[in-house]
Every structure is written in C-alpha cells, then in structure tokens.
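Over in TrEMBL, the protein carries these features:
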type: ACT_SITE; residues: Asp244; note: active site, proton acceptor
type: BINDING; residues: Thr10, Glu11, Asp12, Gly38, Lys39, Gly40, Leu41, Asn42, Asp244; note: substrate binding site
type: BINDING; residues: Asn181, Thr212, Leu213, Gly214, Ala215, Lys216, Gly217, Gly243, Asp244; note: ATP binding site
type: BINDING; residues: Asp238, Ala240, Thr274, Arg277, Gly279; note: K(+) binding site
type: DOMAIN; residues: 20-283; note: domain 'Carbohydrate kinase PfkB'
Amino acid sequence: MTAFVIGNVTEDLLFGLPRLPRPGETLIAGRRLSDLGGKGLNQAVILSRAGCPTCLLAPVGDDEVATRARALAEAEIGDARLLDMGGASDQSIICVAEDGENHIVSSAFAADALRPDRIRRALSDLGPGDVVVVQGNLSFETTRAALQAARLGGAATVANPSPIRWPWTDLYPLVDLVIVNRAELSELGGSDDIATAVARLKAAGAREVVVTLGAKGAEFHGDDGVIRAPAVPVRTVDTAGAGDTFCGILVAARQAGLSPEAAMAAAARAAALTVGRAGTYSAFPGPSEIYNILHERAGAP
Ligand code: ATP
C-alpha cells in the first residue's frame, strides 16, 4: 500500500509583497523566506506525515540544495530516492500578496533531465494497492512512463497537472483521479464552466476529477455526482502549499479507506492549516495535526 510520488524538488524563495507586481514593475518585499519545496517533495511529505508508506522519486542537481533536500527527505519520507542529475537543483520564486494570492515561477532543468527509463526501472515492482502520484513538473514522456508503469502493475494513479507544461489529453486514460485548481481546469477543459470542463476531462478518459476552488472549497466529481467540501475559514497568511496539502491528504485518506466525503473534508481542514501559516514546507501541518484530522479528534483544527 505504498504511494509512489514521481515529482520535483525545488529551493523556494518566497517574497511577501503588498500586492502582486504588474508587468514591468519592481516591488520591494516586506518579508523573505527560503524553504525547500517542489510539488513532488511537498506531496510526499504530506503523504508520509499522514501515515501513508511513501516513496519519493525526484530529480535534483549536484549542489548544496540537493544535500539539504536529501537530508530533509530522508528524515521525513520512508523511501526517499533523490536522483542526481548533475548541475543545479531546480528553484521556484514565489511572490505572495497580502491577500494570500501568489505567483510562482520555477525552473525545471533537473526535472527535464529525468528520463523515462529511470522511472520504469524504479517502478517495476508496483502492485495493486499501491498508488502513483504525478504532477506537471517532469517531462511528458517521463510522466507518461510513470502512469504506464502504474497501469502495468495494477496500481492506482493520481495526477495533479500543475504546472501545465504540455497537453494532458493523451494521459487521461491512464489517470484514475485528476486533482486541479480552478484556473488549471479552465485551461485543460477549455471552458470556465466547471461542469463542462470536468465533463471534457472525463470524456477524454479521466475517471474522477477533484477541482479545488481556493477559499470557495473543493468539488469531487466521481461516478455518483458531485461532493462539495467547503473551505475551512482561516486567517489567510499565504496560500502557497495549500494545493499540495490538499492533494497529499486526499490521496492518503483514500488509501486509508476513507469515503470521498470524509477524504475531501480532511483535505480541506489540513489545507486551511497551511493557508494560515507562512511558507510552503514550513507551513505544512505536522503528523499529530494530520492524525487528529484523519481521525476526527475533538478539538482538531
Ligand atoms: P496553491 O496556492 O498551493 O498553488 P492551488 O491553487 O493548487 O493552491 P487552491 O484551490 O488555491 O489550490 O487551494 C486548495 C485548497 O486549499 C482549497 O480547496 C481549500 O480547501 C484550501 N484553501 C485555499 N485557500 C483557502 C483559504 N483562503 N481559506 C481556507 N482554505 C483555503
């Protein structure tokens, strides 16, 4: 019952700004924070903290960021395989406005250097009960290889197609659960209407679709209609990492056998904790907070 996360690792530089910059504008940051991140590392950390046996397969460079990432991943994740691609590790610049909105720019040099054969070899012993989780940072070929390996081994698949770097259409038949935010859904589904866009992803082969709507919560579009999970009210500090928290908890909860309703509610509660704190990795809920959420302990946030 292992979750294999195939994704990226970055060094995140986060700048807190009064508002997001306009084209051509330079703003002075009121706060600056450096954190390890990347959607692969983030989601693997959350899955692991949720008690799900987790394997992270992620490309890094040959530098000080890779050394720090290795130490963190080995401390947090049962099976952390950070693959040395040489050169510099990838980075993200995250601008966070006072209202919590963000802009993110990432490099993907190490991510692009990871080739499909390395993933095929690493995933050759998958089995039913396992789940493969991918995001949008790696190349199309490598992402497809991960999903194909999952199908071959009878494992479930989850895709969080962010950032959108290439068309996903050919991959939907390989995906059991797609988790997207509102903007990504509009782009992938070619419509601002949620029902229309979701129907298009499903028609292309995706089995279930979860749409996250920021402060408006999230919707699960499964076989039996739509399940809504309202956002948990919180004082917004910065929303960076909310999506990864939501994905990680949703997958861990489903792996643990929770119903879609319970899994969505747990994901919303955990994501609200991340929204209420600064940073990405450093904002994530801890293992005991996640335990309380998954077991609906009285007094849980
Ligand atoms: P990220 O900022 O990490 O890129 P995202 O765009 O992938 O996030 P969102 O839809 O913004 O994803 O947020 C994911 C989930 O986090 C939401 O469905 C919701 O449950 C929670 N969330 C986001 N923003 C807020 C908020 N302001 N208040 C409470 N919960 C929130």
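Every residue gets a Cβ built from N, Cα and C, even glycine.
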Among the binding-site residues Thr10, Leu41, Ala240, the ones with a Cβ under 6 Å from any atom of ligand 1 are Ala240
Excluding its own, the Cβ atoms lying within 10 Å of the Cβ of Asp238 (K(+) binding site) add up to 26
Please give the average pLDDT for the domain 'Carbohydrate kinase PfkB' (20-283) in this predicted model. 96
Compare the Cα of Ala215 (ATP binding site) against each of the recorded positions Lys39, Asp244, Thr274, Gly279 and report the nearest. Thr274
Look at the binding-site residues Leu213, Ala215, Ala240 and tell me which residue has the greatest number of other C-beta atoms within 10 angstroms of its C-beta. Ala240
Check the Cα-Cα distances from Thr10 (substrate binding site) to the binding-site residues Asn181, Leu213, Thr274 and tell me which is shortest. Thr274
At the Cα level, what's the spacing in Å between Leu213 (ATP binding site) and Asp12 (substrate binding site), rounded? 23
Please work out which residue of Thr10, Asn181, Thr274 has the most C-beta neighbours within 10 angstroms of its C-beta, and give that one of the binding-site residues. Thr10
Filtered by Cβ under 8 Å and at least 6 apart in sequence, the residues in the chain of Leu41 (substrate binding site) near it are Gly7, Asn8, Val9, Thr10, Leu56, Ala58, Ala69, Leu72, Ala73, Tyr281
Based on DSSP, name the secondary structure state of Leu213 (ATP binding site): helix, strand or coil. coil
Across the listed substrate-binding residues, Thr10, Glu11, Asp12, Gly38, Lys39, Gly40, Leu41, Asn42, Asp244, what is the farthest Cα to Cα distance, given in whole Å? 16
